Each structure stands twice: as structure tokens, then as C-alpha cells.
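Notes for the one structure printed next.
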Amino acid sequence: MSTESYEKEVKELRKSFRRGKLRSCESRIQQLKQLSKLIDENKEEIYEALHKDLRKPRTEADFGEVIFSKIELATAINNLKKWMKPEKVKSDLANKNATCEIRKEPYGVALVIGAWNFPFALVIAPLIGAIAAGNCSVIKPSEVSEATAGLLMELIPKYLDNDCFRVVCGGVPETTALLAVRFDNIFYTGNPFVGKIIMAAAAKHLTPVTLELGGKCPVIVDSTCSFDVAAKRIAWGKFVNAGQACLSADYILCIGTEVQKKLTDALKIAVIEFFGEDAQKSDSYCRIVNKRHFQRLNKLLKASESKVVFGNKTDEDDLYISPTILNNVTTSDNIMEDEIFGPIVPMVVVDSADDAIDFVLDRERPLALYSFTNDRSLQERLSNEIQSGGYVINDLLVHYTNNSLPFGGIGNSGMGAYHGKHSFDAFSHSKAYVYKNQSLEMLHSPRYPPYDESSQLVQWAKWAISPNI
């Protein structure tokens, strides 16, 4: 479709928005319940699509996509009335007899652009926020996860109000045409390169954006940790979805060579325990999404062959890359340049905690920082000295599942946050609301001209600020 065609679609959605189709709490909850019904009545089709796209195990599809989406829906449905309630705030001197509130209002027509690695949840979760806040929306699933995108294209029009929601499928040309249209809010999940394109397009219309990006998420490990526990949690967090997750551990900073040795040995045991001697035969292990990404990862592996201490088994026809561990990786290695987004774990040895902190600070701010240490002072140092979207001590990924926490990046890893009420806020404008009646005019007369230094307004102003300075 052309930009003109998309402009026509958005114009129709804007008419629905102006008519107030999603203005009431009841209308929003009804659409959220329809979205929940979509999941309940099509679980098998969702599992099948995710398996077709990524060979995603049913358990991973369940907790990472389906159950996660259902929890987000339940949170929004159960709390929406409270979220929509105006927030009363303190009045200042000029508004002493006024009602002052913060009122949440929808932006209008939102554009939600999903990602291919969690192709169901990363469309549904932001869409929940858009609906809860009262926005009409255009939904653009990733064309890379073709089966899931096709399923969403089929199901969303069946369950949601077509006057308020449209689905667009396609690749770069379709997305480019969409971005030329004026939206009132854009939510994008993906990589920083495309994030900059999204932001540049949004800037032409001064459209606010939420960018959920990625980057190289570090894990810092010292000698005080339990290596068996650290290995299991790192192996799970790294190899879930075959490492194709924005929150995946991108590299491990080992404080000392002995830490690298102990952690490597423990990781080997954990991987075999999880996936067997041959992960290709495991029903619990995903595949790479397509040949282009397989070849990209395979190129990184070939450039790092001398550093491989475990894994490095590949099968292009099966889009399979085994869990792979690299030791003694340096900053000059290709694998340290960009986000890996695959099942390869580079381990870098540093001499001290100071060196680990400097190593991270010399790079873009990550979406997540992880550490495995029982040293409380180091835990706090890492939190205080390293900026990151989130920080998890002695585990990976788990902050993503708690929708009381904001999920989002900082700098190159993104801007804005969502999940739970944070999703509602991401798609809402906070409007200042003041109500005054027309009585007690004598209280307002001091502010009217003519002015002089002895005027009552000046005296009142001096009185108002005196306790605060």
C-alpha cells in the first residue's frame, strides 16, 4: 500500500477516536476482553505459528508469549478504572480555591511496530497499553516472523473493533510508507539502527515515541558467587529463544582468570543438563529465525574459532547453532562490536571490579546489566556507577516478568518504558486540569493591573515564597 492509502486508513481511525469510541472505561475493557478472548480461543494456532517461525518450545511460547500477555491483560482490566481516575494535586496560592488535577488522556492514533523474536507478545503487550489508554491503533507485526504476523493479520480484525484497529503486514516498503503518515504516538520494538529511522520519521511530525531497543547486555561475575547457580541462571537466560532476546546476556566480564575457568566448567555442565549432549535433538531448544541471521552468526563464529571452548556446532538447513562458549575474548574481536542476538557467549577477563565498570562505561548504555556476586558493596557500586535500563543481581531477565517494574532502555538501548501501568502511561498524555468558579472575585483582584511595588500582588508573592527560600 502507498502512503496515501495508509493516510486514508489513519484518517478513518482518527474519526473513530474523535467520536469517542474508546473514551469510556467500559469500551476499553470490552476491547481488552476481546483481546483476551483472541488468545483463549486460538492458543493452539499461536503455539503452532511460534513453532513455525522459531521452533519455539511450547513452554517458552507459554511463559514468554501467551501467559505473559494474559497477565498484562488481567492487570489492565483489573486496574483500568483506577488508572483513569483523575489525580488530585496540591493547589498553589494562585489556585487556592480551585480544583487542580492531572488527567490522563489518549494521544489519538498510535502506531505499534512489533519485533520478530517474541512476535506475539511484543505486539500484544504494547497494544494492551494503547487500548487501555484509549488510543485507536495501527498494528505492524514483524514480517520476519511470517507465520505469527499472518496469524495476527487474520485474528485481530475478527476480535477487535475494525473502526479502531487495523493491521498492516509487509516489509521495509510498507513500514517506510507508514512512517510518512502522521501518527499521534509511535511504539517500536527492535534495534537501535531502525530506532533512529523511526525517531527521525516521528520528528517530522513531532510525534512522541517509545523505543524498546537492545544492545550488548553485560554480566559481571566475581569469585564470591555460587558458580553452579550462576551457570544455570546464565545458561537459561542466555539460551532461551536461542539467545534471540534483547535482554539476553551478550557478554560476560569475569573478574579474574579463575572466575572464567570455574564459570566455563559450570556452564558446560548446565548446558548439557538443559539440552543434552546434542542440543539439536532437544525439544527445549529454539532455532535461528532465518538464513540471513544464521549466516550472520555463523560468520561471527568462524571469526572467533580460536576462542571456542564449547559448542560451535551448526546446521544451516536446520537453522541450528548450538550453545557456544568463547574464552579470552578481547575488545578487538568482531563479536564484541555489535549485539550478538544468538546463542554465543563471549567471556572477557578483567583484573578488577574497577576494570569491569570501566569496560561497561566505555560502551553504549545497555538495556540490562546483570551481576553474579555476593559482595553487597560491589552490587551497589554497579547500580550507582553504571547506567542501564534495568539491573538484576544474581539472575537474568526476571525484571521483565514483573509488570510493577518499568521495562525500558536508556540512551542507545531505548527511551520510555512499559508493562503494567507503565504501558498505560506510555500511551497517555498527562493533562493539567484546573477548575475555578466565578465567585470570590476579591481574591483575584490583586493580580490585575495597574501594578506598583506596594501592590497587594507583590506583597502576596513575597509572602508565598518566603517559607521556601
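Each residue's number is its place along the chain shown, starting with 1.
Cβ from N, Cα, C; glycine included.
Counting only same-chain residues six or more apart in sequence, the Cβ atoms lying under 8 angstroms from the Cβ of Glu212 (active site) belong to Leu122, Phe187, Tyr188, Thr189, Gly190, Cys246, Phe407, Gly408, Gly409, Gly414, Gly416, Tyr418. According to DSSP, Glu212 (active site) is assigned to a strand segment. Taken from TrEMBL, the feature active site covers Glu212 (among others).
The active site feature in TrEMBL is assigned to Cys246 (among others). Just so you know, the Cβ of Cys246 (active site) picks up 27 other Cβ atoms within 10 Å once every protein chain is counted.
What TrEMBL records for 3-432 is domain 'Aldehyde dehydrogenase'.
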